[in-house]
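S.K.: Here it is, the structure, as structure tokens.
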Amino acid sequence: MNKKVKRILLLFALGLTYGFMYTLPYMSRTFYDQMIAAMGVTNAQLGSLLSIYAMACTLSYLPGGWIADKFKPKTVLLASTFGNAAICFLLMMTYKNFTMVKLVWFGAAITGGFAFWPALLKGIRLLGSEEEQGRMFGIFEAMNGIASLLINFIMIYVLSLFADNLLLGFKGAVATMGVLCVIAGILIIFLYDEKLTYAEEKTTTTEKVGIKDYFGVLKYPAVWIVAIMMFGQVTFIAGLSYLTPYSTGVLGLSLTLAASIGTIRNYGTRFIGGPLGGYISDNVFKSASKGQVVSLGLCAISMAMLLIIPGGNNILIIAVMLLNAIALYMAKGPLYAVISELQVPAAVTGTALAIITVIGYLPDMFVYTLFGKWLDIYGDAGYSRIFIFTIGVTIVSLLVALVAVKLSNKYKANAK
């Protein structure tokens, strides 16, 4: 088997791992109504779980980035993946105790945040040359979509088997997450070969990375630019997650149908959006920054369409929901290629990603609680507030993407 095929298989394994790892903390995107019923919580309480998760991630990302630059990605990924499996099994046994549930979401931040996230992105970056970054992250996003689609449809199937016993079905779905995390860890054991990475890894493993690097990476404009664009995309993801209860509460869809559409929207669209975004960035514009401008612009326009489409046009609204997600994943995968395009050294990639992630994922600390409160207070009218807020933040990210394009052009001109 040649090296290129092995890289694709490893990219597939990393995509599966990512998809399995983040299903737990973000399961409300697909199983919102089922979680409310099984755990007996309010909209605001369910939203608060992601606030807890985000706060814990924020505290863990900085030391996690340092660890990601100190240790081999494979070591970090294995510890995180098997740890996440244990967290899933704990939730299966304690989901009726909201205090324990909050501890589970905190634990998920340690296994899925901390060093896992920067180690994962660093591992992907090292699998491709500088010219292949957009493509690598685009393919990864598609592989992530396969994993997420698989696990969510398996969970939907498990829940449907116990349609008359919601609690038993919920426990089975959570157990499924744990088992698949174990499988992901086994795949990494057999497929992650350090010899597959590009020569840049020599830099990352021979240069010592210290606390001073946290301050050093702040001088790179890319850190701030990518962080703000990530902030917008994370907010957009939060807005999309409320399309599932919107489908049941406003459009009148059944729980199973809404969950199925939510799974396709949240994960299936990555097959289109991820590779398409990577292709546009690498082949059409030959610039990840320009690809961000197009994708974020489409995000803002498609979300605005939900505000103006007349009620009763369910098929059109569902189609626009899918367009929302495609646009998001066109932006999300190649976003990390901007780091390389704006000349952040590979040696401090983990540290840079940790800082970027702390800033970029700040919306998770408050938007889910905010959106949940809007729904508790205003009912269905709260969805308009959610959509408008999401559009506003996305436009800010679009403006920052234009700054990235200008800076990228400057770097290219200086290199000539």
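Each Cβ is built from the backbone N, Cα and C atoms, and glycine gets one as well.
This is the feature table in TrEMBL:
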- 7-409: domain 'Major facilitator superfamily (MFS) profile' (DOMAIN)
- 45-64: transmembrane segment (TRANSMEM)
- 76-95: transmembrane segment (TRANSMEM)
- 101-121: transmembrane segment (TRANSMEM)
- 142-162: transmembrane segment (TRANSMEM)
- 168-192: transmembrane segment (TRANSMEM)
- 222-243: transmembrane segment (TRANSMEM)
- 249-268: transmembrane segment (TRANSMEM)
- 289-309: transmembrane segment (TRANSMEM)
- 315-331: transmembrane segment (TRANSMEM)
- 343-362: transmembrane segment (TRANSMEM)
- 382-405: transmembrane segment (TRANSMEM)
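Help me understand the surroundings of these features in the structure.
M.R.: Residues 25-26, 28, 32, 35-36, 39, 98, 101-102, 105-106, 108-110, 112-119, 214, 354-355, 357-358, 361-366, 368-373 of the same chain lie 6 or more positions beyond the ends of the transmembrane segment (45-64) yet place their CB under 8 Å from a CB of it.
Away from its own ends, the transmembrane segment (76-95) comes close to residues 14, 17, 20-21, 24, 38-39, 67-68, 101, 104, 107-108, 110-112, 114-116, 119-120, 123, 170-171, 174-175, 177-179, 181-182, 184-185, 188-189, 192 of its chain (Cβ-Cβ under 8 Å, at least six residues beyond either end).
Tertiary proximity for the transmembrane segment (101-121) is limited to same-chain residues at least six positions away from its ends with a CB under 8 Å from its CB atoms, namely 14, 17-18, 21-22, 24-25, 39, 48-50, 52-57, 60-61, 63-65, 67-69, 71, 73, 76-77, 80-81, 83-84, 87, 90-91, 94-95, 336, 349-351, 353-354, 357.
Below 8 angstroms of C-beta separation, residues 11-12, 14-20, 22-23, 27, 30-31, 34, 168-170, 172-173, 176-177, 180, 184, 256, 259-260, 263-264, 266-271, 274-275, 329, 333 of the same chain, each at least six residues beyond the ends of the transmembrane segment (142-162), sit close to that stretch.
Here the transmembrane segment (168-192) has Cβ contacts under 8 Å with residues 6, 9-10, 13-14, 16-17, 20-21, 23-24, 27, 31, 34-35, 38, 73-74, 77-78, 81-82, 84-89, 91-92, 95, 123, 147, 150-151, 154-155, 158-162 of the same chain, all six or more residues outside its ends.
For the transmembrane segment (222-243), same-chain residues at least 6 beyond its ends with a Cβ under 8 Å from one of its own Cβ atoms are 26, 28-29, 32, 262, 265-266, 292, 296, 299, 303, 321, 324-325, 328, 331-332, 335-336, 338-339, 341-344, 352, 355-364, 367-368, 371, 375, 383, 386-387, 389-390, 393-394, 396-398, 400-401, 403-404, 407.
Residues 141, 145, 229, 233, 236-237, 240, 243, 247, 251, 261, 264-266, 269-270, 272-274, 276-277, 280, 291-292, 294-296, 298-299, 302-303, 305-306, 309 of the same chain lie 6+ residues outside the transmembrane segment (315-331) yet bring a C-beta within less than 8 angstroms of a C-beta in it.
Only residues 6 or more beyond the boundaries of the transmembrane segment (343-362), in the same chain, are considered here, and those with a CB under 8 A from a CB of the stretch are 54, 57-58, 61-62, 64-69, 113, 117-119, 121-122, 125-126, 200-201, 203-204, 207, 209, 213-214, 216-218, 220, 222-224, 226-231, 233-234, 336, 411.
Away from its own ends, the transmembrane segment (382-405) comes close to residues 222, 225-226, 228-229, 231-233, 235-236, 238-239, 242, 246, 250, 287, 289-290, 292-293, 296-297, 299-300, 303-304, 306-307, 338, 342, 363, 367, 371, 374-376 of its chain (Cβ-Cβ under 8 Å, at least six residues beyond either end).
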S.K.: Sequence-remote contacts (6 or more beyond its ends) of the transmembrane segment (289-309), Cβ cut-off under 8 Å?
M.R.: 134, 229, 232-233, 236, 239, 277, 280-281, 316-317, 320-321, 323-324, 327-328, 330-331, 334-335, 338, 341-342, 384, 387-388, 390-391, 394-395, 397-398, 401-402, 404-405, 407-408
S.K.: Averaged over the domain 'Major facilitator superfamily (MFS) profile' (7-409), what pLDDT does the prediction give?
M.R.: 86
